[in-house]
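TrEMBL has this to say about the protein:
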COMPBIAS  A:784-793  compositional bias 'Polar residues'
DOMAIN    A:77-476  domain 'Cation/H+ exchanger transmembrane'
DOMAIN    A:567-672  domain 'Sodium/hydrogen exchanger regulatory region'
REGION    A:718-743  region 'Disordered'
REGION    A:756-793  region 'Disordered'
SIGNAL    A:1-26  signal peptide
TRANSMEM  A:96-117  transmembrane segment
TRANSMEM  A:129-146  transmembrane segment
TRANSMEM  A:158-181  transmembrane segment
TRANSMEM  A:193-215  transmembrane segment
TRANSMEM  A:227-249  transmembrane segment
TRANSMEM  A:270-291  transmembrane segment
TRANSMEM  A:311-333  transmembrane segment
TRANSMEM  A:353-375  transmembrane segment
TRANSMEM  A:381-407  transmembrane segment
TRANSMEM  A:423-445  transmembrane segment
TRANSMEM  A:451-475  transmembrane segment
Amino acid sequence: MRVQALVPFGPWSWCLFLATLHCCGASSKLNRSTDSSAQRELNVRFAAASSQPAETISVFTLDYDYVQIPYEVTLWILLASLAKIGFHLHRRLPGLMPESCLLILVGALVGAVIFGTDHKSPPVMDSSIYFLYLLPPIVLESGYFMPTRPFFENLGSILWWAGLGALLNAFGIGLSLYLICQVPAFGLGDINLLQNLLFGSLISAVDPVAVLAVFEEARVNEQLYMMIFGEALLNDGISVVLYNILIAFTKMHKFEDIEPVDILAGCARFIIVGCGGVFFGVIFGFISAFITRFTQNISAIEPLIVFMFSYLSYLVAETLYLSGILAITACAVTMKKYVEENVSQTSYTTIKYFMKMLSSVSETLIFIFMGVSTIGKNHEWNWAFICFTLVFCQIWRAISVFALFYVSNRFRTFPFSIKDQCVIFYSGVRGAGSFSLAFLLPLSLFPRKKLFVTATLVVIYFTVFIQGITVGPLVRYLDVRKTNKKESINEELHTRLMDHLKAGVEDVCGQWSHYQVRDKFKKFDHKYLRKILIRKNLPKSSLVSLYKKLEMKQAIEMVESGVLSSTAFSIPYQAQRTQETRRLSPEDVESMRDILTRNMYQVRQRTLSYNKYNLQPQTSEKQAKEILIRRRNTFRESVRKGHSLPWGKPAGTKNIRYLSFPYSNPLPAGRDVKMAEFTDHDGSDSELPPITFNTHSPAESIQERRWTAEAIPMKSLHRAGTPPRFGYQRSASREERLGRGRRAILRPKPLFHAVDEEFESEEEAPAFGSLLSSELRPGGDCNLSHSPLLQRK
Amino acid sequence: MGSRSSHAAKIPDVDSIRRETGFSQASLLRLYHRFRALDRTGKGYLSRLDLQQIEALAVNPLGDRIIDSFFPDGSLRLDFPGFVRVLAHFRPVDEEEDGNRDPKEPEPLNSRMNKLRFAFQLYDLDRDGKISRHEMLQVLRLMVGVQVTEEQLESIADRTVQEADEDGDGAVSFLEFTKSLEKMNIEQKMSIRILK
């Protein structure tokens, strides 16, 4: 479906839009004309023995009021979803502007419709609904999907930046605006300091995650990513806390009554609210993790437990006037690790998707409401206030970024460059949070609420559209990439090789920082927490059979996709082709280059990939699968020969397959040829070079020791050069079919190390590691994962 | 960090390693920790197995070759100096260092030439100093998805060799390799930031 550049709506959404219009029109007509009979019609539905019998039974009635609110809400959400579909269908749009742009546009459209038809929009948003229902899912989602390792590695910087940044921004903007308000010419004299401060606190709530998708392509480094993410995470919480404190201050009678004691109390309250919230969140996280330990027989309620406990943590914190947002965030972070291991595969997927769905819905509603508010009569425009707000927002963000990072760079191992700081500064895009807080200002305390709302809206529109759209090019520009399009094929190939090489060596180096603290935590985690919180004794057989099924599925897919065409092998390796220097036409070269560019494997994204509106794409998973399958298919020969890359293999060598059974006796020679079909997969429970069992040291089972013990003789057997050889008649052709004769590479057969990956190497490959293992979930105290990928937590 | 400086003493031959590779004391310490962490069974050296346990390398198309480059000359054990020596190739190039270098001393491991040499050996498996068409094809196969046909790959390999080959021997020597990459910013491409 070709979609025009800036019209992200599909045809269906137009239909829907028209339908909405029609309904609104109909309903408004209905409202106006049938006021009197409306009541009667309504009651007809419910009153069986009602007072007023209807004259006739009407065959067809339209009762819009009954369903109005849910109906319209559903329509809104549906409209936004259709718009998103259209948005993503267009290839280049998602990279150009953040998705929040789209949502705002949809909201504006709906607002225009509602305004145009003079329809009274349903009261979706008021204070309690927002804080109780709309906000928690959004925060839960960002807490749940937060990558924990980089977060905790950078925790100091993140807290410093997010916390102090928010405070600095809030007070800075508030104070500057107050000074502006003092200027009589602008007519803003009635806005006192507290109101300005409050406005400052709500306008400083940024939502930078929305722009992450835009410059994901540019591969910003992990720390930068984490800064932005961490800021988004903590920012909401801090803003709301500040907001509440300042509202409490405002409720006190007069500005002059506030004494230093009150201010100190405010600060203390700030800290208590923050830390208390986190504390409660952690407690609830542990409780829910503990409970999921026992849900194996009723796995359908696992998502329920997760959601209810998170929500409960939010509510409990709110009851005690602590920060619910921070509570739910802490709960999600704590819970995630253990819950993921305990719950069943389907529950896990359900939880992920449901979380995304809920947060999507919430955000959509907020944005639509924002659109509705935009197009209406509730505005008060004051040039000075609004312009200065915009200006001060930018200035103070710049000040806070550069000042705070200047300080924190002293203490960081890897300081942020100026370019990084520019990116952080520029990604200060406001979002739904600010609008909600502005909208929910109590009118009694803020007589000029409309002005605030207008100013907030302007800032949001400005940052989302202008900054959101230009941040991509800016980041790419700062990256100083040589956009040398006309690279020769050589350069292209070698560049990619070097990228892969660099990624590989980076993986070898691993991550390092705060070793000791993290080690200590991990030790503690293993000794106590995991024992209590994680389910034991998951039946191993189910995992192994799942793995086998997975293998088979992959092989079938590969066969079906025509990969394994036998033509590939007709050309023997060592055929001495005459070195003809054919003159290739430029088009040929171009097409070659094209093929190369399009089909080379992407370098593994070392940086994280978080998308606020979607779960990770599947392409990297496919690629990883392909690579793994290929590599595994060739892991035979060299083991016998004792070296890894048997270069110079003579043509026509049959790569004889044999099965290695590290934990049982080797199969007798002369297996049935019929089984050859499923060699790879049948024997996969043994042919588990990729499988690594990740167990706790205390739970190191005897089985494992046996495996290791048996595996080693296997290996030495191979080394000795007399492996159990199983000649299959079809093996040669099969080999040809299955791998284009990949080099056999040494794979460690005895991979059943009772080692805890978590203890040492810090690789967390959330982007694809969890993807690959998402199909094969870890369970219990054995983390079985596809290929050497261990399920990383 | 302060308490860990005492651990520097644990690294054997720390001074000669420093001189050879140019790593700072802190980096060496970190690398040592990493080495020890990779060496799970505490043997004191690394085997291929240990490196293969790094899951991210498993999905790297060049994973095996990278691992092999750590084990030069087919050895089976990788000790710490060897480990660091390979990683030294990826140290970012420090501009000042270049200027102060004593021209009589051997080139530092992270010079452009040495980086290129390291990359070259990923192609040139038989170590004959040349990348034959066959070797190029192998690397291409590793790096390209399955949907590209063999014929296409062969023609691409042909073309690649043809472009770089100047003396017409049908293979790419090291000098030709460097020449074809003269426009590329190797220093940046093959440097890992954290290995200061």
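Here the Cβ of each residue, glycine as well, is placed from N, Cα and C on the backbone.
This prediction places the mean pLDDT of the domain 'Sodium/hydrogen exchanger regulatory region' (A:567-672) at 54. Residues 237-238, 241-242, 244-245, 305-306, 309-310, 312-313, 316-317, 320-335, 337-339, 342, 532-534 of the same chain lie 6 or more positions beyond the ends of the transmembrane segment (A:270-291) yet place their CB under 8 Å from a CB of it. Per-stretch counts of Cβ pairs under 8 Å to the transmembrane segment (A:311-333) identify A:227-249 as the leading one among A:96-117, A:158-181, A:227-249, A:423-445, A:451-475. For the transmembrane segment (A:96-117), the partner stretch with the highest count of Cβ pairs under 8 angstroms, out of A:129-146, A:158-181, A:227-249, A:353-375, is A:353-375.
Within its own chain, the transmembrane segment (A:129-146) is flanked in space by residues 209, 229, 232-233, 236-237, 307, 310-311, 314-315, 318, 324-325, 328-333, 336, 352, 355-356, 358-359, 361-363, 365-366, 432, 436, 440, 610, 612, which lie at least six positions past its ends and keep a Cβ under 8 Å from the stretch. Put simply, of A:158-181, A:227-249, A:353-375, A:451-475, the stretch with the most CB pairs closer than 8 A to the transmembrane segment (A:423-445) is A:451-475.
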